[in-house]
Amino acid sequence: MAAGLRKRGRSGSAAQATGLCKQWLQRAWQERRLLLREPRYTLLVAACLCLAEVGITFWVIHRVAYTEIDWKAYMAQVEGVINGTYDYTQLQGDTGPLVYPAGFVYIFMGLYYVTGRGTDIRMAQNIFAVLYLATLLLVFLIYHQTCKVPPFVFFFMCCASYRVHSIFVLRLFNDPVAMVLLFLSINLLLAQRWGWGCCFFSLAVSVKMNVLLFAPGLLFLLLTQFGFRGALPKLGICAGLQVVLGLPFLLENPIGYLSRSFDLGRQFLFRWTVNWRFLPEALFLHRAFHLALLAAHLTLLLLFALCRWHRTGESIMSLLRDPSKRKVPPQPLTPNQIVSTLFTSNFIGICFSRSLHYQFYVWYFHTLPYLLWATPARWLTHLLRLLVLGLIELSWNTYPSTSCSSAALHVCHAVILLQLWLGLQPFPKSSQHSQKAH
């Protein structure tokens, strides 16, 4: 009799679970339109897309031919370190000298051993496939917390980008490694783990220097949250990690290490440029053009910092004070303030880059949906935003780049910049009221 009751209990709970599942599926079907439009369904749509991406990435690895570009050079460079060479000026690969910071060396040294001294390409592709899925997971967690982007956009961010799949699993560049660490850092910042967030941000910089494009935004957030004195320990974490990672190379040849791994003046080849193909090569290589781009970059960053990021009504210099001593009571940073500041900082740097190569697409690809959908703009409909995404994808998939593809990329960037400038909300009401009270 007891056994019969247990069986009934089990069958009853199973039937209840089946009923709940059926009700959930019916509700999901009834709300299928909302499922694609409402940001609160981000995690559900993300789970479906990640499962689809497992199959797509597996298919790409096994059906599309791998293309050797930099992998052998990476392996040759870290092999030099393994063999005892710590002078950065002596570390070379098939495509040139080692120009990445020390974090790159340690991570790719691990890949060197896991892949049988770099010879097991399929193993490396599988590792980068996991890296790609981890990147998607971290990006979806960011979008879930911001609740700004309609889920239907994520299909274009995942399954529809040939170039990004290629960068991750068919080319094995180091850019994806830097970006997955960067997105992990942003998730930690959103969780208010500022110390750990700065630690992983610095680790991302140690893999590739492009992550520094996020640094102005991070500095602004640190000053907003902690003031100058409070931000110093966090900045110390960033700087200290760079010193610790680079110590073996700094002890051997400090000038050689710094000049190679953090070379801000490195010249790019015109043949690989995606964004400036319509210029004459002589102008593209001219230092005056580079300085003009740097001036435009810094000017626009300053304008956004003064007029868009800092919206309390106080002077920008108030950020240097302790938050408790400011005229306007400090408000906790929202997920959208953190993400918008970081993504915009990086995007401004992309717009004024001296050159963009094909693998650089991952520097901002996963941030584009947020940049396009996070700020309200009636003139920019869903269809126009998707058109901008499509044109950007087309520009990055045009090989070799043409004057038209480069011009189209700049037009799309200009549309996004205009949307960011016009779309941000005015001062929060709480800040205005407190300012009036004072």
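Just so it is clear, glycine is given a Cβ too, placed from its N, Cα and C backbone atoms.
Over in TrEMBL, the protein carries these features:
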- 41-61: transmembrane segment (TRANSMEM)
- 98-115: transmembrane segment (TRANSMEM)
- 127-146: transmembrane segment (TRANSMEM)
- 177-194: transmembrane segment (TRANSMEM)
- 200-223: transmembrane segment (TRANSMEM)
- 288-307: transmembrane segment (TRANSMEM)
- 360-379: transmembrane segment (TRANSMEM)
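Among residues of the same chain six or more beyond the transmembrane segment (98-115), those with a C-beta under 8 A of the stretch's C-beta atoms are 74-75, 77-82, 88, 91-92, 121, 123-124, 127, 174, 177, 203-209, 242, 245-246, 248-249, 257, 260-263, 266. Using a Cβ-Cβ cut-off under 8 Å and counting only residues 6 or more beyond its ends in the same chain, the transmembrane segment (200-223) has close neighbours at 100-104, 107, 174-175, 177-179, 181-182, 184-185, 188-189, 194, 230-231, 234-235, 237-239, 241-242, 245-246, 261-262, 301, 305, 309-310, 319-320, 333, 337-338, 341-346, 348-350, 360, 363. Within its own chain, the transmembrane segment (360-379) is flanked in space by residues 135, 139, 142-143, 146, 148-150, 153-154, 156-157, 161, 163-164, 167-168, 175-176, 179, 183, 210, 213, 274, 336, 339-340, 343-344, 346-347, 350, 353, 385, 388-389, 392, 396, 416, 419-420, 422-424, which lie at least six positions past its ends and keep a Cβ under 8 Å from the stretch.
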